[in-house]
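Below is one structure, written out as structure tokens, with a few remarks after it.
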């Protein structure tokens, strides 16, 4: 499990780096719209599609297969794969890659901390909150904007459908993450309140 987390972290870091390097104009990161994909964009997308296929296969060997995670992988594979086949809308897809992967290193960091025995610690809580904030900003602010841009330009229908599908999946994960963070914060608050404190050598 830890080795798979490390592979996932390496991929996320590589994907974000390649996506950033493929941007032609940072004053308009999603430009040119509905254009032919550049070589750098196709390379970034191909690496991520290969990783997603690998990770989906790994998920199928888990003790309990996560249906929502499997759907997320399939939507991403079909969406990015369609971009590679059409060799179009590279700017939009690389932007989607950046948005979806920017929070992944923090996701894997929080899971690694649990596996290393740091569950329910301040460090793990900090990782949870950091992941939740970055995910929310990327997926629920950048995501809807990118979906709107993809839908209103001359992109293939399959790409538009996958853009909507990915945003719906992001909204679902956003709901689950906010519940997780709320639970963790309430749990931590109760723990602090119930923990006895020493005052002048005596328990209060």
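Backbone N, Cα and C define each Cβ position, glycine as well.
TrEMBL assigns the feature transmembrane segment to residues 157-175, out of the candidate ranges 100-118, 157-175.
Of the given residue ranges 77-99, 123-145, TrEMBL assigns the label transmembrane segment to 123-145. Each residue in the domain 'TLC' (1-186) has a pLDDT score, and their mean in this model is 89.
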